[in-house]
Amino acid sequence: MNLGTLVSETRNPQTMDLDALSTPELVKRFNEQDTRVAEAVKATLPDVARAVDAAAAALKSGGRIIYMGAGTSGRLGVLDASECPPTFGVPHGLVVGLIAGGPGALLKAVEGAEDSQQAGEDDLVALNLQEQDLVVGLAASGRTPYVIGGLRYARQSGCTTVAVSCNPDSPIAREANIAISPVVGPEALTGSTRLKSGTAQKMVLNMISTGAMVKFGKVYQNLMVDMKATNVKLVDRACRMVVEATGIGREEAETLLKQTDFEVKPAILMALTGLDAAAAREKLAAHQGFLRAALEH
């Protein structure tokens, strides 16, 4: 592949004079480019919705969401995966981020790590990949060998696969069941895909993980009701969620949360139904953890 022909590698005619601009002009030019990212992502929403449903289906069948990428793309996957346990109360390992070159590549580039298809396969083998898992390959260029190797192995293993790239009709898109390709255009700094391409990928990952968790029963209304209250700020947030979801006072909310070890869902159910903590947990379990269903049935 001639990398110079990729949209993400071409020069942007609107930013050819970066080194001659004043600082206010420079940041304005970057901001003007960034405004195009949301529109590019908007054009991919039907495919993002398919990926959300596939991610939710993986979780409901006992599988995992596995992100894999190199460089910026890999770091974004690791970032999104690492936020899921504290935000949604899921176990570490339910959402996984793989980066070419291993954990050390998060802080320091590992040269050449992305160039091996076998490394992508090997990293999935090391995770004991199962057919219930969803594998999401991330590559702004759409041609990273590490990601291609991983997606190919995942499909051969019976997994549903998703490709996220910022170039149209990319090689990783051809390896995946679902292709999400927000074409953000040439970067303000030629080839620096940590810019618009990275922003677009982050927006897509936000929707995939959050959407999947909504459909996995981790959200009530727009509240993260399975959040783990592990510090002072989060204990306060747990109290506010119970107050906002039920209309009870702060003191009563704190009393209920102490009875549930600061688990928000059973505290809300107790406030709205009069159940005790054990009965609230039992009812939630009967409805697979979906608070709305437990309240309505």
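The first residue you see is number 1, and the count goes up from there.
Each residue, glycine too, has its Cβ placed from N, Cα and C.
Feature annotations, courtesy of Swiss-Prot:
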type	residues	note
DOMAIN	55-218	domain 'SIS'
ACT_SITE	Glu83	active site, proton donor
ACT_SITE	Glu114	active site
Next item on the list: Would you mind ranking the active-site residues Glu83, Glu114 by how many other Cβ atoms sit within 10 Å of each Cβ and giving me the lowest?
Entry: Glu83
Checklist line | the residue listed as 'active site, proton donor' and Glu114 (active site), Cα-Cα, nearest whole angstrom | finding: 24
